[in-house]
């Protein structure tokens, strides 16, 4: 009976847990890190799993992310759109939804040719008037969509509590 001996420093291409790179961890159109090109000694282990991409470098954390915040006085949506020019972006309100769409046709960059397109939708809360929503694009490529929240009608007032002499719950009649 022959027994196959596998050395831990030799990669086995069909080992079920082998995952030298994950397709969904890639940031297409972004620069490569040295760790993307060269294997480390730990990645040679058949049990090595590449850490999620958000552990890679601080500059990757804010790439392509969006954030929706409800602040005390306004709705605020921030979206990283640094790969798009203002002419390639559209922001519109349809009913109670903010739609952001970005698209640019194929163009050449330092790695080859790339085209991008995205759609994002955000539900507008009931206390934000859709007609008051505005958007702006910063110099570093962050699209901000704002909408002021409606103020509560009237000033705050304290409601006094009165005491009644009869109970709120009475016993059910006996049969």
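The backbone N, Cα and C atoms fix where each Cβ goes, and this holds for glycine too.
Swiss-Prot lists region 'Disordered' at one of the ranges 108-141, 142-175, namely 142-175. Comparing C-alpha positions, residue 83 (Zn(2+) 1 binding site) sits nearest to 104 among the recorded positions 92, 104, 106. Least crowded of the recorded positions (92, 119, 166), judged by neighbouring Cβ atoms within 10 Å of its own Cβ: 166.
Of all Cβ atoms in the shown protein chains, 11 besides its own fall within 10 Å of the Cβ of residue 111 (Zn(2+) 1 binding site).
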